[in-house]
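*Asks:* One structure follows; several queries about it will come next.
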Amino acid sequence: MTATRKPLLATLLGEATWPPPVWLMRQAGRFLPEFRALREKADFITRCMTPDMAVEITLQPIRRFGMDGAILFSDILILPWAMGQSLEFVPGRGPVLGAVRSQADLDRLDPGRVAQAVEPVMQTLRRLRAIVDGPEAIGPARPGQVTLIGFAGAPFTVACYMVEGHGSREFEETRKLAYTDPAFFDRLIDLLTTSTADMLCAQIEAGAEAVMLFDSWSGLLPPSQFRKHVIEPAKRITAIINARHPGVPVIGFPRLAGLMAVEYGRETGVNAMALDTGADMKAVADKVPGTLVLQGNLDPIRVLAGGEGMRTEARAIRDAMKGRPHVFNLGHGVIPTTPPEHVGDLIKTIREV
Ligand SMILES: Cc1c2[nH]c(c1CCC(=O)O)Cc1[nH]c(c(CCC(=O)O)c1C)Cc1[nH]c(c(CCC(=O)O)c1C)Cc1[nH]c(c(C)c1CCC(=O)O)C2
């Protein structure tokens, strides 16, 4: 007797399932009216740190659409916050942090306090795992079908926000500092590499069945810096996870990396690589090992636009990946103004085979 495996987990472990499993980056978010309703009640960090709320927000999209994956509701900036960096999410502006630009700034942070600070997140995961593996169906998702995904920001992307102190298109201060004070920048990346690996392992111990490493700004780096600050840390984090939790898949997302994504996919040891909107999935598939699972990569604006154009493009991506392990997703997060019906239509389209 073999238990029916969860489609997303099976795919992340290398099985070519058909139709492909589907979930969407930022599926738990502002495009859902039920998310916006909870948003009135508490600020963002409180929502992340209150298990009742985080569990609810994680499950909202599953109840409506029955995606194959439930991604933990949290944020990549919870790690620096847990180390003691000041963090505020300012409506209309995004995250604002007390910039860390010197060794003295770094010395004020304490990785030793992370485990305790993120304990509510671990409680959220324990509760979510009990729910996804419980006897009750979650909306249209069948019982036992949903895979629980944990995540963290990759060291370079988290360093971008830590050093810059806010979002940016170019992160000039961060990239300049990597050149003017490489010793400091290397220590920051090193600290983030070990603490990110620890946090992802803790998420797995709390119930995450797969983990994703978001490197949203990796594409800003030239190849030599990309190898040093993107590929090397991802390789170390994956090796630590593999050693402590063999068999738990790691998804890497080197966003905007262009051709360097191929090197990332070949060298980091990740089980799966998420591709951004600009990548030609088929062309990448031809250049990486057939065992590397690919995830992606419909343009989020296609989902905003909806209609036959969205369905045609979604089918084209799905069908081009047939026969190889593929997780259907977007090339970046769901746009907050996306009509929820478009998301429902997309999930139905992927599964219509
Ligand atoms: C760079 C980055 C961040 N956070 C994240 C990334 C990497 C992915 C990407 O490139 O989008 C990752 C993230 N952020 C959030 C999740 C939760 C799970 C999910 O994907 O649904 C995940 C996986 C919730 C969130 N994180 C944030 C929100 C919106 C805050 C709110 O509701 O007030 C959500 C739902 C806030 C956030 N968090 C961050 C920014 C820049 C912002 C402000 C901009 C924005 O609002 O989108 C940092």
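From the backbone N, Cα and C atoms, a Cβ is placed for every residue, glycine too.
Annotation source TrEMBL lists domain 'Uroporphyrinogen decarboxylase (URO-D)' at 21-30, 149-165. The substrate binding site feature in TrEMBL is assigned to Arg26, Gln27, Ala28, Gly29, Arg30, Asp75, Tyr161, Ser216, His332. The site 'Transition state stabilizer' annotation in TrEMBL covers Asp75.
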*Asks:* Show which residues of the chain containing His332 (substrate binding site), separated from it by at least 6 in sequence, have their CB under 8 Å from its CB.
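*Replies:* The list for His332 (substrate binding site) reads Met25, Arg255, Asp276, Thr277, Pro300, given in order along the sequence.
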*Asks:* Have a look around Arg26 (substrate binding site) and count the other CB atoms within 10 A of its CB, chains all included.
*Replies:* 17
*Asks:* Can you give the mean pLDDT for the domain 'Uroporphyrinogen decarboxylase (URO-D)' (149-165), rounded to a whole number?
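*Replies:* Per the prediction, mean pLDDT sits at 98 for the domain 'Uroporphyrinogen decarboxylase (URO-D)' (149-165).
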*Asks:* Would you mind pulling the DSSP three-state label for Arg30 (substrate binding site)?
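*Replies:* Note: Arg30 (substrate binding site) is coil by DSSP, not helix or strand.
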*Asks:* Can you count the other CB atoms that lie within 10 A of the CB of Tyr161 (substrate binding site)?
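*Replies:* A 10 Å sphere around the Cβ of Tyr161 (substrate binding site) contains 27 other Cβ atoms.
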*Asks:* From the Cα of Asp75 (site 'Transition state stabilizer') across to the Cα of Arg26 (substrate binding site), what is the distance in angstrom?
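*Replies:* Between the alpha carbons of Arg26 (substrate binding site) and Asp75 (site 'Transition state stabilizer') there are 10 Å.
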*Asks:* Taking the residues Arg26, Gln27, Ala28, Gly29, Arg30, Asp75, Tyr161, Ser216, His332, which the record names as binding substrate, find the longest CA to CA distance and state it in Å to the nearest whole number.
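*Replies:* In whole numbers, the farthest two Cα atoms are 22 Å apart.
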